[in-house]
Amino acid sequence: MEQEKRQINLPVFLDYQSTTKTDDRVLEAMMPYFKQFSNPHSRSHSFGWKAESAVELARERVASLINAEAKEVIFTSGATESNNLAIKGVANFYKNKGNHIITVRTEHKCVLDSCRYLETEGFHVTYLDVQKNGILDLELLKSSITDKTILVSVMMVNNEIGVIQPIEKIGKICHEHGIFFHTDAAQAFGKISIDVKKMNIDLLSISGHKIYAPMGIGALYIRKRQPRVRLTPMINGGGQERGMRSGTVPTPLAVGLGEAARIAQEVMEEENIRIRELRDILYNEIKKHLPYVVLNGDYEQRIAGNLNLSFPYVEGESIIMAINNLAVSSGSACTSASLEPSYVLRALNIEKDLEHSSIRFGIGRFTTREEILYAAELIVSSIKKLREMSPLWEMVQEGVDLNNIKWDAH
């Protein structure tokens, strides 16, 4: 193990659900479009034609990864914008048809906040609970649909607990009721197989920096037929991206997303096998040497690179400080600066101490076996030390049932 430690660079990055390093191949593909710049919408000269050709190739590559047509993909600044455009765009365009939207309590904050905004505009939103394993109950979804429901938004893969929702079945339910179905696929695109036709998806949000492309670029798939989806744009201007998203498409960033999609299509299957093996090693090593470790979210219906664990009798923030040579998260990267427990874990209806002691490990393309073994050893030794300092741990060791204790308020 000492030799393995010397082979790794510290700190070890295990936060791949928050972001990913831009792949060197992606960066290489982008560089010419920084140097030989032009506006892809300038169609009166060869500079513009070249830029446009590069953007359209990128669009085709993104579309290919989800079995869509290139014309059904528009470029955005990222998944947050895509989610906002999908939800608000459908709601505003079809508001005369209905004013009811269904989503899930464990969605990304940009989906939840888009829905809350629409509530101030007179829309009614149903926020569905999930089961204890993080998966949506389809019967609950069915029973929530009304004749005013126009949109259902359910994320494909959860950013905190990594669970994969039964998207194809959800899409089928939506289409049987004539309802549009949107899915936030920021954590799924390039990680699992996606077929928008087979999965009955009408709108799908994509993030570049989650799949080894740069920050600042994303995409939105918008179904063109059976049914055709129409949106009210949020950004008005030159009418780029089929009038859905005005503004000059950043050629280098679009090229980067396209190249990342091409690479993902090539390596996804093999990469998932390797990443899943690393995740299993991490989980098994921790479980083998530590008692009272709780897995958050379903283990089987989960992307390969996610592991979310709670370590009772210690606080998540103290764990983070104790393992400062590991870059991990105690919640969603968008909200982990807050000391409030994760709303995703709260939605699982687990004990409060488990909410506060959770750590999310994100494993990705550049994670090595040596890093995983180092991480497991550091986690085990750190949790043991923290528990030794915890009076609650001492009581548990003595056989005291903490649930039966009545604490006096001071």
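Residue numbering: from 1, along the chain as shown.
From the backbone N, Cα and C atoms, a Cβ is placed for every residue, glycine too.
Swiss-Prot lists A79, T80, N159, Q187, S207, G208, H209, T248 with the feature pyridoxal 5'-phosphate binding site, giving sequence analysis as the kind of evidence. Sequence-distant contacts of G208 (pyridoxal 5'-phosphate binding site), defined by Cβ-Cβ distance under 8 angstroms and a gap of at least six in the same chain, are G78, P214, M215, G216, I217, G218, L253, G256, L257, A260.
If you look up Swiss-Prot, you'll see K210 marked as N6-(pyridoxal phosphate)lysine, on the strength of sequence analysis. Under the DSSP three-state reduction, K210 (N6-(pyridoxal phosphate)lysine) is assigned to coil, being neither helix nor strand.
What Swiss-Prot lists as [2Fe-2S] cluster binding site is C334, and the listing cites sequence analysis.
Residues annotated as active site, cysteine persulfide intermediate in Swiss-Prot: C334.
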Could you give the maximum C-alpha to C-alpha distance in Å for the residues A79, T80, N159, Q187, S207, G208, H209, T248 that bind pyridoxal 5'-phosphate per the record?
30
Whole-number Å only: compute the distance from the Cα of N159 (pyridoxal 5'-phosphate binding site) to the Cα of K210 (N6-(pyridoxal phosphate)lysine).
10
Among the binding-site residues T80, S207, which residue has its Cβ surrounded by the fewest other Cβ atoms within 10 Å?
T80
Could you check the binding-site residues N159, T248 and say which one's CB has the most other CB atoms within 10 Å?
N159
Between A79 (pyridoxal 5'-phosphate binding site) and K210 (N6-(pyridoxal phosphate)lysine), how many Å separate their Cα atoms?
10
